[in-house]
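Accompanying notes for the structure given below.
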Amino acid sequence: VSMDGKCGANTRQTCLNSVFGNCCSRNGYCGSSAAYCGTGCDPSFGTCGVPPSSSRSA
């Protein structure tokens, strides 16, 4: 899990369950907004797709 907010092939770190957010942006940083989870998001190092704003059912 990324400890410094960086992710992707260069660092081999995932954003999943990181304090920064679950999505790995195209620039190699973790976050949780549409900028990170949307276009260019790397599904190999975190989740992608913008989550529902409130809660989501299992």
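Counting begins at 1 with the first residue displayed.
Cβ coordinates are placed from backbone N, Cα and C, and glycine is handled just like the others.
Bear in mind that TrEMBL entries carry predicted annotations, made automatically and left uncurated.
Annotated domain 'Chitin-binding type-1' per TrEMBL: 4-50, in sequence order.
The disulfide bond annotation in TrEMBL covers Cys23-Cys37. Secondary structure from DSSP puts Cys37 (disulfide bond) in a helix.
Residues belonging to the domain 'Chitin-binding type-1' (4-50) score a mean pLDDT of 96 in the model. Around the Cβ of Cys37 (disulfide bond), 22 further Cβ atoms fall within 10 Å across all displayed protein chains. Neighbour list (Cys23 (disulfide bond), Cβ cut-off 8 Å, at least 6 residues apart, same chain): Cys15, Cys30, Gly31, Ser32, Tyr36, Cys37, Cys41, Gly46, Thr47, Cys48.
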